[in-house]
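Structure record follows, encoded as structure tokens.
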């Protein structure tokens, strides 16, 4: 590429810690161009509240993007109403959606190489009459992507999910031959294309205790999971399992694994967040562009206090940059 790929950053809920983290991220010089999609006055006000210096420049497509310390480029998107740190206002729900819309369009057009998302308050968006179930679903719907996979990563561990935000009683029915096949196809493809792993080794959790104990503790492994894994192994993929989730997460298995596929949200993510909370990143696999996100919420009580932890945003930005560079290399090789 002739110039460094631009990373788009949506700070998320304006009353939360997303603007704080954006201001904090701008304090250090960067080796990649970063553009915040938000109201520039919001960042100026939050910087003043935090007592941090900040110069804001208007982003103009095709022009150089600042990478200097204490300086950030902003694609201006106006708030619906003035924002007070820590106080939700549904008037600003449409503003949050507009930042995501602009990020999606920029990524699809190639203007941005990746988008990093700050935390949003789903409840206040829905209270404003906007049907919104989350970033992942929004990006999938607005890029015509029929299925995506949620993966969280921290140092030494990547965990993808076969199902995401479902009640536990609905998980078994959601794990079908078709859905598990689609999940594995997306996971393996993105580990190869976006992470540069030519032959990824993936550990697959069973659904039931002891991975079903040969059918005595549930039949999902025998009826669905094992047959799907056998089909992938027959095509040369390096999949191990199904393994009992209570023993899979130890060095004996993880030392040479590239990722773990958990069957449901609270099977895999508690381990990952115990290992790396505050320094983990959420990556959406299967999209036609790169999207990473922080692993925490809006933390309204911390907004404007200077007590927010920037660790997860730093990791999310780092992942976005590395994945963008990997994608650029692949594109150059492909011609």
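The backbone N, Cα and C atoms fix where each Cβ goes, glycine too.
Taken from Swiss-Prot, the feature substrate binding site applies to 135, 136, 273, 282, 291, supported by sequence analysis. Reduced to three states, the DSSP call for residue 282 (substrate binding site) is strand.
Counting only same-chain residues six or more apart in sequence, the Cβ atoms lying under 8 angstroms from the Cβ of residue 165 (divalent metal cation binding site) belong to 133, 134, 265. According to Swiss-Prot, the feature divalent metal cation binding site maps to 165, 210, 265, an assignment based on sequence analysis.
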Checklist entry - Taking the Cβ of residue 136 (substrate binding site) as the centre, how many other Cβ atoms fall within a 10 Å radius? => result 22
Checklist outcome for this item: 135, 136, 273, 282, 291 bind substrate per the record; greatest CA separation between any two, in Å, is 20
Next on the checklist: DSSP secondary structure for residue 165 (divalent metal cation binding site), reduced to helix/strand/coil, please.
Outcome noted: coil
